[in-house]
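Participant: Here you go, one structure.
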């Protein structure tokens with residue numbers, strides 16, 4: 001299955017989420033479960049998505065001491081998720097140990113992806129936490145570190161895709177939030193791009209939330225987005 005669309009579930013209740021999920025098709029998208037929904041609904045919710053044949057990106061952005069992160073990544077693998085992420089700013093050792101713990105899973109291991117710079121952050125935001133670099137510079141730095149650790153790819157804004165292809169190669173997966181279909185509200189993400197533009201720059205997977213989940217006819221929107229990037 002070569003779905004490029006990952007739908008970010010942003011519902012407050014299980015019933016709302018399942019109502020949406022039952023309107024869409026696992027052949028058209030994968031699903032992202034983040035901190036809010038996982039904290040509220042837990043592993044049982046992920047299993048329900050698997051029962052409906054959806055691949056799941058468990059977006060918990062682990063960032064802790066290496067042993068703790070590695071064990072959390074192993075738990076995600078045991079849950080059967082398709083992709084899981086951690087913060088590259090946790091360091092090389094943390095990422096290496098997380099990757100190593102997945103070795104026994106072989107081809108069944110989830111993709112391990114690093115978060116570089118959150119798409120809501122700009123130069124001033126980085127400066128305020130002691131990083132005297134532009135978002136692009138920091139993304140490149142952390143992406144190199146993730147590749148060195150053996151990770152499968154990174155989360156990055158669409159504007160960084162072309163540069164990262166040059167730095168990290170074609171086999172390095174680029175997962176891009178900040179995707180808004182033409183005419184959509186930008187919401188809380190500042191570095192945005194349309195699905196067609198993002199794919200044309202070389203993105204592998206597109207994370208899209210509210211333009212699909214809050215649509216009156218989500219299946220129609222999802223089909224239209226897929227058609228635009230075909």
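Cβ from N, Cα, C; glycine included.
Straight out of Swiss-Prot:
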- 10, 32, 59-68, 119, 180, 189, 209-210: substrate binding site (BINDING)
- 61: active site, proton donor (ACT_SITE)
Participant: Who sits close to residue 60 (substrate binding site): which same-chain residues at least 6 apart have their Cβ under 8 Å from its Cβ?
Facilitator: 34, 35, 38, 72, 76, 84, 85
Participant: Of the binding-site residues 10, 119, 209, which sits closest to the residue listed as 'active site, proton donor' by Cα distance?
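Facilitator: For the residue listed as 'active site, proton donor', the spatially nearest of the binding-site residues is 119.
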Participant: Counting across all protein chains present, how many other Cβ atoms fall within 10 Å of the Cβ of residue 119 (substrate binding site)?
Facilitator: 24
Participant: Reduced to three states, what secondary structure does DSSP give residue 209 (substrate binding site)?
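Facilitator: It is coil.
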Participant: Taking the Cβ of residue 10 (substrate binding site) as centre, how many other Cβ atoms lie within 10 Å?
Facilitator: 17
